[in-house]
Amino acid sequence: MKVKVGINGYGTIGKRVAYAVSKQDDMELIGVTKTKPDFEAYLARERGIPVYAASEEFLPRFEKAGFEVAGTLSDLLENVDVIVDATPGGMGAKNKALYEKAGVKAIFQGGEKAEVAQVSFVAQANYEKALGKDYVRVVSCNTTGLTRTLSALQEYIDYVYAVMIRRAADPNDSKRGPVNAITPSVTVPSHHGPDVQTVIPINIETMAFVVPTTLMHVHSVMIELKKPITREDVIDIFENTTRVLLFEKERGFESTAQLIEFARDLHREWNNLYEIAVWKESISVKGNRLFYIQAVHQESDVVPENVDAIRAMFEMADKWESIRKTNKSLGILK
């Protein structure tokens, strides 16, 4: 029997999760919500996805445009087993009462505080902790990226120091910035380090900057080691870590631009690069310190985590069975 899934919020993350759910043989996409009849709503309808108004207050917008919706969020909740909340940060916590009243399990995104859910989730790091849970939070794109590589190295970690170089806005966002500035997060740690600690128990400090680009985030990671490891060991670990790929500058991957072009060349939906990209040349061990640089596609790296979270919550598969199914369905390279 397939798990019935609804998506509350059909934007950058919501539409990608909807696509991913539609590719699973053990899930059924029941519908998505929108606050207005914009081009995304029309495209969803053309793709055969039932569109619901996010609440009754938004119905006049659809009526004015002659856009017939399948109902409201309340109607959607009556027909699903789980709702993926992909609304803007902070809205998920407000929506939780609706999900509780409807008796529906819910997945929240990283824009929500950890307290909104019973567990913060990255599949390869703590899948088992989400088994049977009613409320799970998939952590943010940056936290997911850090957790993927750090969890693979966890036994070697004494202390992590990481700098987040964050994109200013998503490609479709014409309202955010900066356009001609670099904006530091002046408090230390930035929120990313404490967020990683909601998934894996490590010592970590983070700093962050926002720069004028839309393509990806970049992380500069330095780890103080508690036991020896060689560069070759790290390369071997990353080569055998799911959803992490090594890229080489000498093969043309000089920047995030080429990484996104790689995703385009793979004919990925929306240029999705689900995998965390680590520059192989950046991996360096100096004494008891390990260094590497990685890039995170902020629009898509959390998408497979949402799919795996559904399976964990309904105990549909064990960790590696779920990861394998999700990876295969989305064309994730390893």
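Glycine residues also receive a Cβ, built from the backbone N, Cα and C atoms like all the rest.
Positions annotated as active site, nucleophile by Swiss-Prot: Cys141. Close to Cys141 (active site, nucleophile) in the fold, though at least 6 residues off in sequence, lie Gly110, His217, Val296, His297, Gln298, Glu299, Asp301, Val302, each with a CB less than 8 Å from its CB.
Residues near Ile13 (NAD(+) binding site) in space but far in sequence (CB under 8 A, at least 6 apart, same chain), listed by position: Ala86, Gln109, Glu299, Val302, Val303. Annotated NAD(+) binding site per Swiss-Prot: Thr12, Ile13, Gly111, Arg167, Gln298, in sequence order, evidence recorded as sequence analysis.
The annotation D-glyceraldehyde 3-phosphate binding site is assigned in Swiss-Prot to Ser140, Cys141, Asn142, His192, Gly193 on the grounds of sequence analysis. Non-local contacts of Gly193 (D-glyceraldehyde 3-phosphate binding site) by the CB criterion (under 8 A, 6+ apart in sequence, same chain) comprise Val160, Ala162, Ile204, Glu205, Thr206.
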Would you mind reading off the Cα separation of Ser140 (D-glyceraldehyde 3-phosphate binding site) from Gly111 (NAD(+) binding site), to the nearest angstrom?
7
Given the NAD(+) site Thr12, Ile13, Gly111, Arg167, Gln298, its other Cβ neighbours within 8 Å of the Cβ centroid, in chain order, are Ser140, Cys141, Asp170, Glu299, Val302
Sort out for me which one of Arg167, His192 has the most neighbouring CB atoms within 10 A, since those are the binding-site residues we care about.
His192
By a 10 Å Cβ neighbour count, the lowest-scoring of the binding-site residues Thr12, Ser140 is Thr12
Any idea what the Cα distance is from Arg167 (NAD(+) binding site) over to His192 (D-glyceraldehyde 3-phosphate binding site), rounded to a whole Å?
15
